[in-house]
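Peer 1: One structure follows; several queries about it will come next.
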Amino acid sequence: MRSHYCGDVNKSHVGQEVTLVGWVNRSRDLGGVVFLDLRDREGLIQVVYDPDLPEVFNVASTLRAEFCVQVKGLVRARPDSQVNGQMKTGEIEVLGQALTIINAADPLPLSMDNYQNNSEEQRLKYRYLDLRRPEMAQRLIFRAKVTSSVRRFLDSNGFLDIETPILTKATPEGARDYLVPSRTYKGQFFALPQSPQLFKQLLMMSGFDRYYQIVKCFRDEDLRADRQPEFTQIDIETSFMSSEQVMAKTEEMMRGLFLEMLNVDLGEFPRMTYNEAMRRFGSDKPDLRNPLELVDIADLLKEVEFAVFSGPANDEEGRVAALRIPGGAALSRKQIDDYTKFVGIYGAKGLAWMKINDLSLGLEGIQSPVLKFLNESIVNEIVSRTGAQTGDIILFGADQATVVAESMGALRLKAGEDFNLLQGEWRPLWVVDFPMFEKINGNFHAVHHPFTAPRGVTAAELEANPANRVSDAYDMVLNGCELGGGSVRIHNQEMQSAVFRILGITDEEAKEKFGFLLEALRYGTPPHAGLAFGLDRIIMLMTGASSIRDVMAFPKTTTAACPLTNAPGFANPQQLAELGIAVVEKAVKTED
């Protein structure tokens, strides 16, 4: 039905007859000549119909937006005065000689030109229309090219694309599972995988050595801009490779991808330990485009008569950190109050501040409600450590170390945006040396997952002092987003059992949930390591989209619903009966 895509016709085709198919993007009658912008996935082209062919002209005059049509005509160069530099095909146009309406379109339920006027609900309900917009189409085409590039790289490096099961068993990976009832085993359920973690480890035990898969994963969790209940991972696992080798190989892949797709050379990725990232940036995924840093000042404040500072300064689990914002002395009291409310979202009880109005005047040139608690030497040292200059403001976080990191880390990002401080377009890094465990409500939890290997300790040493152990794990971070995370895996039964016990998983529970893994570890398991990238997030960053919903063909809403298909829906009662499932409605209490 076509000889060319609309966006592929160019000056080299002048004088040729072409057959095009697509959708009417816009149609206008200017002085008895109909100009038609025809659109397909590759772009737009202008088609001109004049009254010399009355039958065709009359049909062209009836066209409306989103009619699906076939056009036949002659490619010709546009007059110089009509060249459109904003269009890929702006140097040429097609003189229409034939026109067939393949399918008419009813009046549209949403705006194609001013899509900002469409609600998110409308865009998802009529996704097949929303995806016709060039911006959306180009993102999905870009995504397809990225996955093709990734496959080429991994195939050429000896990785095997092997599928793993979708119907599997629930495992503790930090989020709720989506459950699928079994008809043949009444009362029992499959779980949709949150990742192929255990299966890819089993593939290493099976001797396949290098595995990859571009795979759907599922997590029933609260959603936000960069989360979806179903998402896609670039999943990688290797045998007989160290963490350094895995990082080198996947960094090579990512650098090659950016060079091929965006003509961007990311350069060599710097390394940063987890502790350094948390200390300097309050985040384990720091955005290095932002020059602001947290500075520890607790040692200066242990003796001050201001409990807000001295309390955390003398607490082993406390922290006092300063954040300098260049030019921040211009902030109004209301703006400072807004920042105070902002850090309160993250658990901070307040936000002390110090304006450097004129450094040459000493204390006289400094304005702060806490200045009366600080002597001149302390103030001078705070100014020196933060590098503050006249016109700056210093903001202070004082609380438990975790609260300070989270609240001041978030404030650092907000201030960086508010003051337009971001430098450079792409700043990647590796974050390494994560803790093995973190304590939540007195219990140990795995920072990554329970199959991550510790660095340089025996099972007995790990159990004796789990709190201070470092994992052989690594995260690739770009512009404050975690692109992917991985680790060396545990490859002996003794260590795996020790980790389970530290996590409060009894030997009996471990046998029930992970017996197959523990048994597999007895039969010559090779050392192995891997990494998983979030494909949706990578595409979002590379295309500049504001949400991963804009780089997925058919995403869910923030409430995990699909307006297009009205999923989820109620199940047929007969099917529920076959599954042995009864739906229990929650009783609503009424007041007398």
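Cβ from N, Cα, C; glycine included.
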Peer 1: According to Swiss-Prot, Arg219, Asp220, Glu221, Glu482, Gly534, Leu535, Asp536, Arg537 bind ATP; which one of Gln213, Gln228 is listed for that same site?
Peer 2: Gln228
Peer 1: Look up region 'Aspartate' in Swiss-Prot and report which of 197-200, 413-416, 445-448, 501-504 it refers to.
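Peer 2: Matching range for region 'Aspartate': 197-200.
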Peer 1: Could you tally the C-beta atoms, other than its own, that fall within 10 angstroms of the C-beta of Arg489 (L-aspartate binding site)?
Peer 2: 24
Peer 1: Measuring Cα to Cα, how many angstrom lie between Arg219 (L-aspartate binding site) and Arg537 (ATP binding site)?
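Peer 2: Arg219 (L-aspartate binding site) and Arg537 (ATP binding site) have their Cα atoms 15 Å apart.
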Peer 1: If one measures from the C-alpha of Arg537 (ATP binding site) to the C-alpha of His448 (L-aspartate binding site), what distance in angstrom results, rounded to a whole number?
Peer 2: 19
Peer 1: Rounded to the nearest angstrom, how far is the Cα of His448 (L-aspartate binding site) from the Cα of Glu482 (ATP binding site)?
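Peer 2: With distance taken Cα to Cα, His448 (L-aspartate binding site) is 13 Å from Glu482 (ATP binding site).
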Peer 1: Tell me the Cβ contacts of Glu221 (ATP binding site) under 8 Å, same chain only and six or more apart in sequence, or just say none.
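Peer 2: Spatial neighbours, sequence-distant, of Glu221 (ATP binding site): Ala175, Arg176, Arg227, Pro229.
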Peer 1: In the region 'Aspartate' (197-200), how many residues does DSSP call helix, how many strand, and how many coil?
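Peer 2: The composition, in the requested order, is 4 helix, 0 strand, 0 coil.
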Peer 1: Specify the count of other C-beta atoms within 10 Å of the C-beta of Arg537 (ATP binding site).
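Peer 2: For Arg537 (ATP binding site), the count of other Cβ atoms within 10 Å is 20.
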